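Scroll down for the structure; my scribbles are underneath it.
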Amino acid sequence: MTAPTVDGATTGAPDAPRTVSTISWKTPIALAVVLALYALLMLLAPREGSARFALSTPTDFFQIPVYVIPGMGTAWVCAAVAAALLVVSVLATRDGRRTPLWVTSVYAAALLFGFLAWAAAGSPRDLSVVGLLGGAVALSVPLVYGSLSGVIGERSGTINIAIESQLLAGAFTAAVVGSLTNSPWAGLVAAMIAAALVGLVLAVFTITYRVNQIIVGVVLNVLVIGLTSFFYSLVLVPNTQTLNSTTRFERLPIPFLERIPVIGPVLFDQTIVVYLMPVVVFLVWYGLFRTRWGLRLRAVGEHPRAADTVGIEVLRTRYRALLIAGAVGGMGGAFYTVVSINQFNREMTAGAGFIALAAMIFGKWNPIRAALAGLLFGFATNLQNVLSVVGSPVPSQFMLMLPYIVTLFAVAGLVGRSRPPAALARPYTKE
Amino acid sequence: MRLELRGITKRFGALVANDHIDLVVEPGEIHCLLGENGAGKSTLMNVLYGLYDADEGEILLDGEVQNFEGPGDAMGAGIGMVHQHFMLVPVFSVAENVMLGHETTSGPGILDLAAARETVRSTADRFGFHVDPDALVEDLPVGVQQRVEIIKALSRDAQVLVFDEPTAVLTPQETDELMAIMRQLKDEGKAIVFITHKLREVREVADRITVVRHGKVVGEAEPTASDNELASLMVGRAVQLTVDKEPPRHGENELAVEHLVVARPDGQVVVDDVSFTVHGGEILVVAGVQGNGQTELTEALIGLYPDFEGSIRLDGEELKGRSVRKVLDAGVGFVPEDRSTSGLVGEFTIAENLILDRTDGAPFVRAGSLQLGLRDEFAREKVDEFDVRTTGIDLPVGRLSGGNQQKVVLAREMSRELRLLVAAQPTRGVDVGSIEFIHKRIVETRDQGIPVVVVSTELDEAVALADRIMVMYRGRVVGIVPADTPRDVLGLMMAGVAPESEGDAA
């Protein structure tokens, strides 16, 4: 697939290592395959009628009328745009350049818009853009917190596959404590503590006893599902009123900003847990890359022996990282029971922890990128909700696969090289 | 600061790595710790640095007994170490690496990178070299990385500096520069411990020499001692430092490499337009500092880089495009650079490792079943022939010493019908006794009229073994010269300076 081509041979010893361009056709091939699948879908299942996109909510400063556009026409125009971008990508690759980011971004946006127009065509109901985006933000909350938990843990050198169990433990504890105290704040704090304890168990087995990190993570996930389901049926179900009926965080609309069309209701009419999200993302990023704590944490995840030889306590640093990671994951878990709905249900996280793990990898172990990936996956998850409202022909199970498919492509290296911390999964011993 | 080690003993299970070692290093002196690989030098220094706990003995600094819980304590007490395998985080910048562990902060825990950059610059200036504080360590050449290690130690105000095999990765010129830095440090009154097994370097800078063998101090020597004296002290018997060999008698076999270009998957060219010919009955040593394309050259020769450009012909047959299996079947013996990762399966027994390359048919496999009797018979024969010191052929090969492991690799690769032998770093991490044996076998192979390519980063070995020497620098051939080329010319070639008149370029 890659063939070296020599550019400009010189004689004598070179001053710098020479490089040849290795041409990778991965990106254009992927773009072409996706476009072909899209076109196939349009051809095999054409839909009649127009699509209705609603952009405004009644409380906005001003109203934007509902856009009515022809479904199939729009879909094919979008396909044409994507095809043009595919040509750009092919030309770029042929010249030995990488496909520019804007090409892939616009390509994805075009196909997404075309797909929405096709799916909503002929539906008498409006497709609410606010609902689509607002729901995406809400659904991405556990994903973003979960992926941050993953980033912190893995940057310190421990595979954190237990995000799912941290979310679930957080959700369960928040429900119980939130119900007992009638305070969502107490629920949130309790969720953080519970998830940190899950992190502690992970730390004890992987750091102190050096058990295979993936095995411990999987076992923890299964264990927490079992425990929460058991106590749910045994304790919560008979005592729903006292133990499983929380007070939720109220929405805190931000005056004026909330009335801006589209972005107002999406971004500025949320709960405190959602507002905290960008703050926590920034704090984790700043902490990892600008503080002593982060420098040491990353050193321990990259080259623990080097860290040890400059007097850093490797094991203690890793323990602390996993505790903090757990606490952050717990915030995501609390979302389920003190923000989203007001009670705990069996296995209510439904694999969000694994999507968070995918977001972390997709985000290349960088908090900001991981958070953006979490938003993207939240969007993908919400897409199927919205489409079922407008009566989309796509089975919801297919849409649910979307985040995982995106991740597969990401891990396969389509979005550039993804390099995990060098000491990931390796227990540290002094000998 | 005066460093004194008293009766340091360190055991790993039954193995006594350090047996009551005493050592005194005065301020303003360079004290050489000379010993073979595995003599216990590195273990001793890891004890000193707080990485290992000594079972017995004590460490004194300026007469006071120290009790190091970890490297942090040792550093705090003024001990700095330049490690053999650099203790640098590759994805961190120079400044980040230097500050790691004793970070300068502004505000609560917030890194002060500007101060760290300044530390790097001022320390580097003191020794007259330049290091960009913002460069990522992984992008720097090894010589510069080593300077970062030195800056790291000095920025913590180390008074005792340990250099653990620091010259292994350096060109002769870089080695000279390092020696100059060591002398300057000595003049500043630091106590310096210089660990090495290279006699030439010892005599050049040492004020005092302590020789270690099998974990014990076996004697002290003066820097004026001859190479032979030092070597026999180090090994414990008279050692032959040269390789006996007749002038080459060229055979009919021939390896011809033409315009070979090998690129890594990321596009970096690691072997750049390399052409050479090796005749039967001749040893061509590929010399150069580690990481200048020698590894990739040998790997391309046996088919591990199928995409290369150019041609590799053995007796006129093109090897390009053949799988490794087919290259081996064509009669190529290959001793890989790192026996523990690519030469042997550590958990497998000696017998299993010896037939690892011939598990696809008779005589060792019939109808899908291993012929155990035949295998063991073969293994016993080879263990005898190659003088592998072992308690039995059923021992996991990973438990053998480095030298004996290497003999197993050699036995396997030399027991096929050979038309070419490629040996990469055949004596690295091998005791002197095994080195002599391995050299002898390589010369015997050559005398059978087989072309031999040996990669070596040790100039001494290159000169001793070679009929011709090819020096590589940054993937290119700087020149192919006769083995009797002066060492300073070879040294310059290893730094990329082509010789004035190319000797034997054929």
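Cβ coordinates come from backbone N, Cα and C, glycine included.
Here's what TrEMBL has on this protein:
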- A:28-46: transmembrane segment (TRANSMEM)
- A:66-88: transmembrane segment (TRANSMEM)
- A:100-121: transmembrane segment (TRANSMEM)
- A:127-145: transmembrane segment (TRANSMEM)
- A:157-179: transmembrane segment (TRANSMEM)
- A:185-207: transmembrane segment (TRANSMEM)
- A:214-235: transmembrane segment (TRANSMEM)
- A:272-289: transmembrane segment (TRANSMEM)
- A:321-342: transmembrane segment (TRANSMEM)
- A:348-365: transmembrane segment (TRANSMEM)
- A:372-392: transmembrane segment (TRANSMEM)
- A:398-416: transmembrane segment (TRANSMEM)
For this session: For the transmembrane segment (A:214-235), could you work out the same-chain residues 6 or more beyond its ends whose Cβ comes under 8 Å from its Cβ atoms?
Result: 159-162, 164-165, 168-169, 171-172, 198, 201-202, 205-206, 243-244, 344-347, 353, 425
Problem set entry | Criterion met for the transmembrane segment (A:272-289) and the transmembrane segment (A:348-365) (at least three Cβ pairs under 8 Å) | no
Problem set entry | the transmembrane segment (A:348-365) vs the transmembrane segment (A:28-46): 3 or more CB pairs under 8 Å | no
Exercise. Hey, which of A:28-46, A:321-342, A:372-392 has the most Cβ-Cβ pairs under 8 Å against the transmembrane segment (A:100-121)?
Worked result: A:28-46
Problem set entry | Feature contact check the transmembrane segment (A:66-88) with the transmembrane segment (A:321-342), CB under 8 Å, 3 or more pairs | no
Problem set entry | Residues from the same chain, set at least six apart from the ends of the transmembrane segment (A:157-179), whose C-beta lies under 8 A from its own | 142, 145-147, 149-150, 186-195, 197-199, 202-203, 206-207, 213-214, 216-218, 220-221, 223-225, 228, 231-232, 236, 242-247, 300-302, 304, 318, 321-322, 325-326, 329-338, 343-344, 347-349, 351-354, 356-357, 421, 423-426, 428
